[in-house]
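Colleague: My questions all concern the structure below.
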Amino acid sequence: MKFYDEFYFQDSAVWKKNFPSITKCFQHTVLVWIPCVFLFCISPILIVQISYGRSLPLPWTRRIIAKLTCSAILITISSYLFLLPFAQSMFIGIPHAVDFVYPFMLLVAMILHLAFIFGCRQYGMVTSGGLFLSWLLFVVCGLPEMLYWIHHTFRAKVWHTIEVYRRGAQLIWWPVCLVQLLLHCFADSPPSSYKTINNRGTPSPEVLSSFINRVTMWWFTDVCKKGVQKPLEVSDLYALNDDDCSAVLVPKWSKLWGRKLSESDQRQSRRSSPKVKPPSIIWCLFLLFKWDIITAMITKAISDLLQFCNPLLLRSLIRFTEDSRVPLWQGLSLALAMFSTSELSSLMQSHYYYLMYRVGTRVQTCLTAAVYKKTLLLSSAARRTKTVGEIVNLMSIDIDRFQQISPQTMQYWSNPLQICLALFFLWHQVGVAVLSGVAVMLMLFPINFFITMLIRGCQVQQMYYKDERTKMVNEVLNGIKVIKLYAWEPPMERVITDLREKELTLIRRASLLRTLSDMFNSASPFLVALSTFSTFIILDESNVLTPEIAFVSLTLFNQLRTPMSQLAEIITQTVQVAVSNNRLTEFLISDELAPDCVDRVARDDDQVVKVSQATFAWDRSDLEPILHNLSMTVKKGQLITIVGRVGHGKSSFLQALLGEYMDKLQGYVGLSGRIAYVPQQPWMQNQTIRQNITFGKKYDEYFYNRVLDACALYPDLQMLPLGDMTEIGEKGINLSGGQKARISLARAVYQNHDVYLMDDPMSAVDSHVGAQLFSSVIGPEGMLRNKTRVLVTNELSFLHHSDLIYIMKDGRIEHQGTYKDLMQAGALEPLLEECEKEEEQRKSKVEDEEEQGFEELCDDYVDDILDSPTIDPILGTSHMSTVSGILARRHISTSTVKQHRRRWQSGEKSGVGTSIDLSCRQLTSAERVETGRIKFSTYLNYFGAMGATMAVLFVVGMSLSTAFSMSFKIFRSLASRWSGASCAFVGVF
């Protein structure tokens, strides 16, 4: 039995006829094997991809039923074609072996398609790129056979019965495959219970789009239409996909990085040498996003290979124009192929950049979260070696370098591949002459690298002066009162101006160097082409620079421009990322607080806080501990008070309970439930008062108003033009210490947690306000009466309300017991005498701060109130028409403040934020973006800033560049008609 009688591909039967005719052997082998082998190769990937989803089944729709029906029809046709050779052997003769092989392969492929369609539906997979590409290959490879059968159907005079059946089956086969391809162009409907993790905004249709929709990014068309109709806003964009959310990315990174750290620690424990290579951040990122990177790598490879199809097709097209005997369909096919390869290469390259930019964003998310989390977990020893500026630079500069280099990572292998392919095809065009062009490129490479390093040096110095200037401006703004008082404005201005001048000098130098580099890169294709063509003609007089050689070579030289220009840049970025990688690795492997320092396992008994013989130190290497042999048991709902002299470890005890800052040397510490901490030094966010209190939690108006009432914040809010919607400024600088303390306490109360650790929250308020806070919030009748409270305080008048009292001295618990027991034992008398003196000094200081903070707060908003007709909440006037009135308002007397305090404390309150005129100007207003075309005045201002000389040179240079570029194209089109002498038009080419 022969495999087949005909050759695979007969040149005379295809290329020399007006209508191409492919042999049956080629139809039944190559055109069948390509789609089938492709499906067999990707089957394991499809199996893993389908089974990995494990989602809910898709609903039965007409599209899924149509897919299954078409697959059943194709299986029937394949079975029929497989049985025909057996019938032929019985009635006509022994058929060829290929007649048994190709229908069997088609039958197996169709059965796999049917199984994959069932699997996609069962596991909730709305689309499959592998199935789409498989059907696309079946349609493309089946088209020549379909045309062959149509062409021969009307020309055949005598048909065998078996041949009629085979032709009928083949004519049905291809249209059904085409229908399958069209059905796979659309995604199936998701399950009715489908939900996304990110519910903010409109869900992105990308996840539920088909494969071809994702590749062409057609799902983004609606946003583009909105952008044409009106300026886009953030609300017009789709919400992030689940895979791009930090809630999904950060746990994966934490798990992977934690496993690598554990493996590194195990290797270190097995070796005697303390130096063990730390885990690689880059390798961990690759493992985390390996499938996206591999997909982008394949996409980039396809794009690069398709780019080099155009020069080959261009050569064939030029030969077609030179030979009039070639059939017209060849020229049309070449033109169609050039268009298809160019569009497909552009599509693949765009999709590659989309994939890698998304990977870069995910890398930035993971690393930023890792640095932020590591900052919170640093031990005291590691915290002393890290500065705030270093941590900020890690997030703003080093991580950003990882994000910027992510789209360029494939250039490490793509650029050498493109250069090698271009030189390979040039060698076939001009032979040895290509070496002269290579020599020119090698000469340009060190020049570009040297210029790049000079630019990098300028940028480093520029960033240094920029940091110094920013630091100086920040110091000037923070100390503006002192500068105004001593009239230091001129010298400070000179210092900042000098720094700015140095910065501008470096920017100007870097710009000139960058222009020089761009000039070399722009001229490099011309220099390489001139050198190669000249060498090609000089080597042999018989060498003729025909249009075919010239234009194909020029196309290849132009394709060399991008990889050659990117090499120097990718080297510079690699050096920067290597430095950032070392800095990030050093930070992420720094010492952390022991994870077992505090046991947070929930208990069945009432013991919420339990400390047993615990000893703490700021660092494990410290010889002297800070806290010694502490023991404490707190039951649910108890109020525990910790007192003692200043500097004897009360605040350190609370931080030890939190498991932050301090290392546990021995003993046991356990906490159960959610913890809320009120620090002694409150911190504020640059947001509104309401946002500072709610702190990201959902706003509950009833509970929120109860918290304001209990924390005595109504009087302060009534003084503000916008009530609780007032922005309090950076770090709360326009609030007094007492106001910040009450907002900090209100924030903790609003969270409604189980255990409250409070570090002297009443130290910054008046005695009567402190009494109100204790009775309304902390005490037995307060809002936290059912919560577990551990209170550090120097206000001894509240001790009799405590369930237990702990007296600390020199980092130890000296006494403990109830208030009655301690009084009888005389343990509180020395403490009472000392605290009375400290309390008198503190009260006077607190009152001064409250009055000063109140006056500053009124000063900050006095201009806003003057611009609005809002009724003044303090003076009761609708406007002020005189300067004396403004001055009287700005200087509110102490007696007026005290009168209003007494009135507020008596219970006179009004709704906060309900009758506020929101038109009053906030500290931070919403950003506004100009839309439409750029105004001509903007260009005039730009040229004015450049100066007349530079503006004229810029316009003349751009005009000459455009004119020379157009002239070059005109001369090249004229020279393309010449194919005689070898030297006349070398410069033109």
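Note that Cβ sites are derived from N, Cα and C of the backbone, with glycine treated the same way.
The domain 'ABC transmembrane type-1' annotation in TrEMBL covers 294-576. The domain 'ABC transporter' annotation in TrEMBL covers 609-835. If you look up TrEMBL, you'll see 30-52, 64-88, 100-119, 131-151, 171-187, 433-455, 939-964 marked as transmembrane segment.
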Colleague: Determine whether the transmembrane segment (64-88) and the transmembrane segment (100-119) share at least three Cβ pairs under 8 Å, counting only pairs 6 or more apart in sequence.
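Modeller: When sequence-distant Cβ pairs are counted, the transmembrane segment (100-119) touches the transmembrane segment (64-88), since at least 3 lie under 8 Å.
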Colleague: Residues of the same chain, at least six outside the transmembrane segment (30-52), with any C-beta under 8 angstroms of its C-beta?
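Modeller: Same-chain residues near the transmembrane segment (30-52) but 6 or more away: 8, 22, 102, 105-106, 108-109, 112-113, 116, 119-120, 123, 125, 128, 130-131, 133-134, 137-138, 141-142, 144-145.
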Colleague: Should anything in the same chain at least six residues away from the transmembrane segment (131-151) have a Cβ under 8 Å from its Cβ atoms, list it; otherwise answer none.
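Modeller: Sequence-distant neighbours of the transmembrane segment (131-151): 19-22, 27, 31-32, 34-35, 38-39, 42, 46, 109, 113, 116-117, 120, 167, 170-171, 173-174, 177-178, 180-181, 184-185, 210-212.
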Colleague: How about long-range neighbours of the transmembrane segment (433-455): same chain, 6 or more residues beyond its ends, C-beta under 8 Å?
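Modeller: Apart from its flanks, the transmembrane segment (433-455) reaches 423, 426-427, 510, 513-514, 516-517, 520-521, 524, 527-529, 531-536, 539, 557, 560, 564-565, 567-569, 571-572.
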Colleague: What is the average pLDDT across the domain 'ABC transporter' (609-835)?
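Modeller: Reported value for the domain 'ABC transporter' (609-835) is a mean pLDDT of 86.
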